[in-house]
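Just below is one structure, and these are the notes that go with it.
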């Protein structure tokens, strides 16, 4: 808890207001964030206020009411009203339901028939492999710019593991299935990354969306705590079927999100062919200023930006 309290002052907010990095590092971080989405990574005046429906939007900050409802409030409203956030939240909930075996993994290795010490030792190798796969998967996803298969593909591996475990009680086969199951968490590690990729701006909305998806998603862990009942062991067929269904639902919802992002990219293609309005032009000009490039160069980079799917 002490370290957590200290981290409030240590963790960076935005590069432009982080004091413990050098000016060069600050500028480099700003340039990378701007290059990520083709515009400045900061809330503008339009994103920064929540006003009553009957009240006009202020032209300048005011000291009392609007100070307490700055960008976080508007970002929360924008996230709640975005259908993609709701779908991602349900997807994460069903995903964590499908991966809820993690809380009972030593119990699963105990079903292999060894003593407690051996069972605990056998629980380690699947997660060592999962760690290696997680690093390689993140590296490859970054290199290729692809997200759906780098997430859902690992869920399919878990489903394969469940099918093997449902089919036999053979010690070797069930232990192999546990490697597939553990590697399912590789996909989970990419989920919040995908949220920030498809909801990159404004930052306040992105932050609220990540919080909503992460918070609601943990409902899956809560439900999963009741699906691995001792009386269903040592086979745990009912538990695996419930988990399998959760991952199947996650896959379907992830596919829906992918198609929505593909549609959004088509809209960006159409938007590139139209004249930019004043607000969008100001964002690109700010990005160009942060990166130290011309407006024309920033426009070329903006045309290259697309949501990752």
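Backbone N, Cα and C define each Cβ position, glycine as well.
In TrEMBL, the feature region 'Disordered' is placed on 35-56, out of the ranges 35-56, 57-78.
Checking the ranges 117-139, 278-300 against TrEMBL, the transmembrane segment annotation falls on 117-139. Note on the transmembrane segment (117-139): residues 105-106, 109-110, 150, 154, 175, 178-179, 181-183, 185-186, 189-190, 193 of its chain, located 6 or more positions outside it, place their CB under 8 angstroms from a CB of the stretch.
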